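As given in Swiss-Prot:
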type     : residues : note
REGION   : 56-78    : region 'Disordered'
DOMAIN   : 84-413   : domain 'Asparaginase/glutaminase'
ACT_SITE : 94       : active site
ACT_SITE : 170      : active site
ACT_SITE : 171      : active site
ACT_SITE : 247      : active site
């Protein structure tokens, strides 16, 4: 029999019956998505196939046939007229991914409109305008990507958006969130959201995360934040400041945590209630300011015992403009590294020191090594995360090439990256 993608079919094989929607399939095979959310594939010549719905239309001509089977051509809901206006900008990543049936791998193919169609609950929260900025996995983001994204966000705010949601791959989302935190001072919420598991998987977190992100986008939290699962259950999402968040697990749904700070707050998935735990910038409190410009020739170097200090020479001799060094404990490196650190700062290359511990604060005044590092010109990163310190360095050097001015800016708290008192 003939069938096509989107048809609802019954498949009988060895006395077992399967029902589902036809998905893209290889020649000679049929793949269906069952109600459970799982996919199943069969060799066509080894099964009996019965058509139940013709692309959402039953055999007697009625629509949907009670199965709730929706096709990719389903129209988006008409936006309400009195709801807040939210721009949703898609950059790719797992939240905008699905299975590539050619390879069996996950690929970034969904657009912002696809996300809106797949999560109809969003239409009850706001009027959404979808826009694709890129369709890449987040490991392919770079400083140019951050600037293009920030420009698009500013354009949406200037056009009257009450909030902006950025869908993003989780692996480097903290870098992008930090970058926009430094480039944009915003009067409205800018919310990064992603998912750890693609929409094809029954355990996908994309719908809950997107709904919670929408709640934050219409709130009065006018900062760049990351909204992701707070636990492994579907109970609430956490709201993390863009400069204080880190992905701390490869695959758990609650992989993102605030470091050296409490989260800004939480969003209850069931009620939509937002609770806040720390001070934050409120909607309309600041005027929109946009300062793009990133220096890409900066590097993050991790110190390890016995590491050859001449690794720093590579960056000095190849025209790099700044370095972040991840030291041990309170921010230490081998004494053998200190002459190279001095060589870098003598070359007017700012060097920020952070800690591999992540939690806690840098203090290079306790031990002799730390004091020698300060004498060599090292800048203490305080309780800034290494990744945030790198992005901050890139942004500062994109604003000025004056060494002393840059060093002064790097010692300041510019976007919540340094806390006066480390809370965690």
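Here the Cβ of each residue, glycine as well, is placed from N, Cα and C on the backbone.
Where Swiss-Prot records a feature, it is marked here on the structure.
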residue: 170; record: active site; Cβ neighbours (10 Å): 24
residue: 171; record: active site; Cβ neighbours (10 Å): 17
residue: 247; record: active site; Cβ neighbours (10 Å): 19
If I take the alpha carbons of residue 247 (active site) and residue 170 (active site), what is the distance between them in whole Å?
8
